[in-house]
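Below is one structure, written out as structure tokens; the observations come after it.
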Amino acid sequence: MTTSWSDRLQNAADMPANMDKHALKKYRREAYHRVFVNRSLAMEKIKCFGFDMDYTLAVYKSPEYESLGFELTVERLVSIGYPQELLSFAYDSTFPTRGLVFDTLYGNLLKVDAYGNLLVCAHGFNFIRGPETREQYPNKFIQRDDTERFYILNTLFNLPETYLLACLVDFFTNCPRYTSCETGFKDGDLFMSYRSMFQDVRDAVDWVHYKGSLKEKTVENLEKYVVKDGKLPLLLSRMKEVGKVFLATNSDYKYTDKIMTYLFDFPHGPKPGSSHRPWQSYFDLILVDARKPLFFGEGTVLRQVDTKTGKLKIGTYTGPLQHGIVYSGGSSDTVCDLLGAKGKDILYIGDHIFGDILKSKKRQGWRTFLVIPELAQELHVWTDKSSLFEELQSLDIFLAELYKHLDSSSNERPDISSIQRRIKKVTHDMDMCYGMMGSLFRSGSRQTLFASQVMRYADLYAASFINLLYYPFSYLFRAAHVLMPHESTVEHTHVDINEMESPLATRNRTSVDFKDTDYKRHQLTRSISEIKPPNLFPLAPQEITHCHDEDDDEEEEEEE
């Protein structure tokens, strides 16, 4: 007879983790199939699965798609008067990464941490360090909330733009026809500030996306630019069996239809042998022209799309949800009303940390799944270059050994210069494994602004949402403990506390003291017999009262 889990939980010795120190690892999926957890999420509570299209359902091939966007933007700049020489530039995917900040005053690309501390500074293709950096950033720090000056390049669509900004700054700084200035460049009596140059690039990028030929060229060669995954119909059909599925994209219907038709263009349906189904059949609700992030606030007028012509029908749609109907505009409130769902019932899956994740989380309370395609390469470096990480750990041990027997009475000063140089060299080698700007998530031991945003706003994240295929819909995604240095570097072993060295250590706050202190408290209050407050002292909770991030708030309410 098999022992049930509830019985095994009664005996800690039978817990799987106690059978083997590293037992948890054998229960984990393969790294490239994993979904990573910032906040616990019970999948069985999710009633609706929402999707963005661009870079989520439709993953664009890299660097082919970025190269196309780069070329079209350069052509647009040349057409409005920028030098012909710019046409010689080609997109280099090894340079940019997401999450960089462009300083519109000095023309620098900056990689910063969550607090605005500089991690990397590049002026064009020139990486600036030390005293040169401090001339422009005295404390190696920026005010991130100065959005007039600093622009965060957070999206995958920003990658070509990021590299183009570096190309332009480098060109105008080094081309002998122009005179480089601190905040821009001169051509004779004409001055162009980096702020003006940046605005020209922003306008050119928007023109390429909304008025130019980017979408036209994409649909002309979908096989070249769009990833097609045979597991997509299977996952969406399984989602539809356990809940409702909706699409909310900023793209117009004609483009959406062509992309989605290609993604579901298989001779079979969800499984080999099943009949082919049109892409619309996999969704309960389809919204185009969503205009996110406005969609998560006041939104826009909800209208109905004529799928034969792609044009919008006049008037605001006010009826119930109809299967097979495509809607334009609307808002996140519209989604909740039409699907009969509320905030935490919905898991929204997207790639845009601001337009998809931050706004859906902060304004609607939707659960969030961030798609980070770069994670596949980040994991490859993390595992393939493990020797570099191990060497850094060894160097830390060498440092600890040098200081092991020294305290404040020691006059000895160990020479750690060679170890410091080696740490810098290994850290640099590790950074370069990711690309010229280093990892998307860190610079050495410090996490980037992008990493902090992922941890703050994304409940779940993965290289692809297809990874949900490898988990049951009853799965509890449980967040790991986020350890502080005093927790991650101190072993779980008993330590005898010296009360003289640490007087506050005697301030034992655990409930085991309560019985002992009852008598002391009685001694303090025994003379007060006539008038007493309703409760003289707090009592230790006998039931769970703290929020432990187990995604079980509703279950607790039901139990009450």
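Placed from the backbone N, Cα and C atoms, the Cβ positions cover glycine too.
Swiss-Prot has this to say about the protein:
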BINDING   Asp52, Asp54, Asp351  Mg(2+) binding site
BINDING   Asp52, Asp54, Arg202, Asp206, Lys215, Thr249, Asn250, Ser251, Lys292  IMP binding site
ACT_SITE  Asp52  active site, nucleophile
ACT_SITE  Asp54  active site, proton donor
BINDING   Arg144, Asn154, Gln453, Arg456  ATP binding site
MOD_RES   Ser418  phosphoserine
MOD_RES   Ser502  phosphoserine
MOD_RES   Ser511  phosphoserine
MOD_RES   Ser527  phosphoserine
REGION    541-560  region 'Disordered'
REGION    548-560  region 'Required for tetramer assembly'
COMPBIAS  550-560  compositional bias 'Acidic residues'
State the Cα to Cα distance, in Å, between Asp52 (Mg(2+) binding site) and Arg456 (ATP binding site), rounded to an integer.
20
Between Arg144 (ATP binding site) and Lys292 (IMP binding site), the C-alpha gap once rounded to whole angstrom:
23
On the Cα atoms of Arg144, Asn154, Gln453, Arg456, which are listed as binding ATP, what is the maximum pairwise distance in Å?
16
If we check Cα distances from Asp54 (Mg(2+) binding site), which of the recorded positions Arg202, Asn250, Lys292, Ser418, Arg456 wins as closest?
Asn250
If I take the alpha carbons of Asn250 (IMP binding site) and Asn154 (ATP binding site), what is the distance between them in whole Å?
17
Tell me, in order along the sequence, which recorded positions from Arg202, Lys215, Lys292, Ser418 have their CA within 10 Å of Asn154 (ATP binding site).
none
For the recorded Mg(2+) site, whose residues are Asp52, Asp54, Asp351, find every other residue on that chain with a C-beta no more than 8 angstroms from the centre of their C-beta atoms, and list them by sequence position.
Met53, Tyr55, Thr56, Leu57, Ala58, Leu156, Thr249, Gly350, His352, Asp356, Val371
Asp351 (Mg(2+) binding site) versus Arg202 (IMP binding site) - Cα distance in angstrom:
20
Rounded to a whole angstrom, what is the C-alpha distance between Gln453 (ATP binding site) and Ser418 (phosphoserine)?
36
Among the binding-site residues listed here (Asp52, Asp54, Asp351), identify the one with the smallest other-Cβ count within 10 Å.
Asp54
Provide the number of Cβ atoms within 10 Å of the Cβ of Lys292 (IMP binding site), excluding the reference atom itself.
21
